[in-house]
Amino acid sequence: MSFNTIIDWNSCTAEQQRQLLMRPAISASESITRTVNDILDNVKTRGDEALREYSAKFDKTTVTALKVSADEIAAASERLSDELKQAMAVAVKSIETFHTAQKLPPVDVETQLGVRCQQVTRPVASVGLYIPGGSAPLFSTVLMLATPARIAGCKKVVLCSPPPIADEILYAAQLCDVQDVFNVGGAQAIAALAFGTESVPKVDKIFGPGNAFVTEAKRQVSQRLDGAAIDMPAGPSEVLVIADSGATPDFVASDLLSQAEHGPDSQVILLTPDADMARRVAEAVERQLAELPRAETTRQALNASRLIVTKDLAQCVEISNQYGPEHLIIQTRNARELVDGITSAGSVFLGDWSPESAGDYASGTNHVLPTYGYTATCSSLGLADFQKRMTVQELSKEGFSALASTIETLAAAERLTAHKNAVTLRVNVLKEQA
């Protein structure tokens, strides 16, 4: 089905509707699973030596120093334009402002007289950031990960990226106070961060996107007792646009294409109650696609994408919630009025002047988002992902006495005698002191 095929949602059967909202299949093949498992075990056992071997094998690079020196980072900074540096600074300021506002006030309450309960936050002590390499280095992801890590107060923030590391990534790391950067990529980088090597420190939590091997490595280390926690499950990029007859077709098309160009497994969907809008967007997509340098990749993504005509905007919202997009763009006359009805989306963009690109780079929200339907249970990355909550309770004698019989009754009902005894012993001491 080509992208310019306009589909009438209400003419489809329930099964056809289900098929329309299916995402491109992703699964780690058995060979990827086995390969990644071998890489993890090898790096855990042989450390830096294994990292250098994998760099030669996969990156075709001889790495002498795994850690990037301060001189190399300074040289990278010198090679970048002032314009790009200024743009990064503006983006960091926006990200910093939004994520600082996410700080939670401490909770401190008396649940009843003499029973004080608190909730406090503490930073994750050490985090590792993974940034893919390639022809289009994702330096913006450095800003999105390192900025909240700094605000949260993480004591150790390190970064891994395949060699040779782009100047933009090195400068972004410096700008955001990343302490150490390492010339290591792929599943072996995830292994190094999870287990530690002679050069790369073991971290508590790993963040960042990657290919199928990186994604599988993150999954595996998160399930190993000696591994590390991870940010969230990863999948291909996606966007869903809700547009009415008042939307600008060229704007809608540009937003769809900006997501489709990420890769052939990306998916874009347009929902509109206006069939003419769907037709005009399809025409605009074809015009703009012809001008894109990544047109071939983008066209592959469009093969799994949809133009869907609905009964009304309420049905658009219903379908969007069923799909749960990573990015949701609402280009309608009264876009904000639809927000209360949205239950599942990674990040929402309202109105003609809120392109997804703004959130990808500089509006301040985080561009690390749940994909592949995980918006039903997962949230966009935020300050909380770099922190942990801890509860504190303190009972006075009076507070303990008031709760004692309740605790004893509940513990006895669950047949946890030692739990009950921990209370009864104290009750008896209080009786003796009386």
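A Cβ is built for glycine as well, from the same backbone N, Cα and C atoms used for every other residue.
Here is what Swiss-Prot says about this protein:
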ACT_SITE  Glu326  active site, proton acceptor
ACT_SITE  His327  active site, proton acceptor
BINDING   Tyr130, Gln188, Asn211  NAD(+) binding site
BINDING   Ser237, Gln259, His262, His327, Asp360, Glu414, His419  substrate binding site
BINDING   Gln259, His262, Asp360, His419  Zn(2+) binding site
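In sequence order, Leu159, Cys160, Ser161, Ala189, Ile190, Leu193, Ile206, Phe207, Gly208, Pro209, Gly210, Val214 are the residues of the chain that are 6 or more apart from Tyr130 (NAD(+) binding site) and have a CB within less than 8 Å of its CB. Farthest C-alpha pair in the NAD(+)-binding residues Tyr130, Gln188, Asn211: 12 Å apart.
Listed in chain order, the extra residues whose Cβ falls within 8 Å of the Cβ center of the NAD(+) site residues Tyr130, Gln188, Asn211 are Pro132, Cys160, Pro162, Gly185, Gly186, Ala187, Ala189, Ile190, Gly210, Phe213, Val214, Ala217. Gln188 (NAD(+) binding site) sits 24 Å from His262 (substrate binding site), taking the C-alpha atoms as the reference points.
Taking every protein chain shown into account, Glu326, Asp360, Glu414 are the recorded positions, and of these the Cβ with the most other Cβ atoms within 10 Å belongs to Glu326.
In this structure, of the binding-site residues Gln188, Asn211, Ser237, Gln259, the smallest number of CB atoms within 10 A of the CB marks Asn211. The CA atom of His262 (substrate binding site) is located 13 Å away from the CA atom of Glu326 (active site, proton acceptor). For His327 (active site, proton acceptor), the same-chain residues 6+ apart in sequence whose C-beta sits under 8 angstroms from its C-beta are Ser237, Glu238, Val239, Leu240, Gln259, Ala345, Gly346, Ser347, Phe349, Glu356, Gly359, Leu369. Reported as a whole number, the C-alpha separation between Glu326 (active site, proton acceptor) and Asp360 (substrate binding site) equals 12 Å.
Within the set of binding-site residues (His262, His419), the lowest number of other Cβ atoms found within 10 Å of a Cβ is recorded at His419.
Taken residue by residue with DSSP, Gln188 (NAD(+) binding site) is part of a helix.
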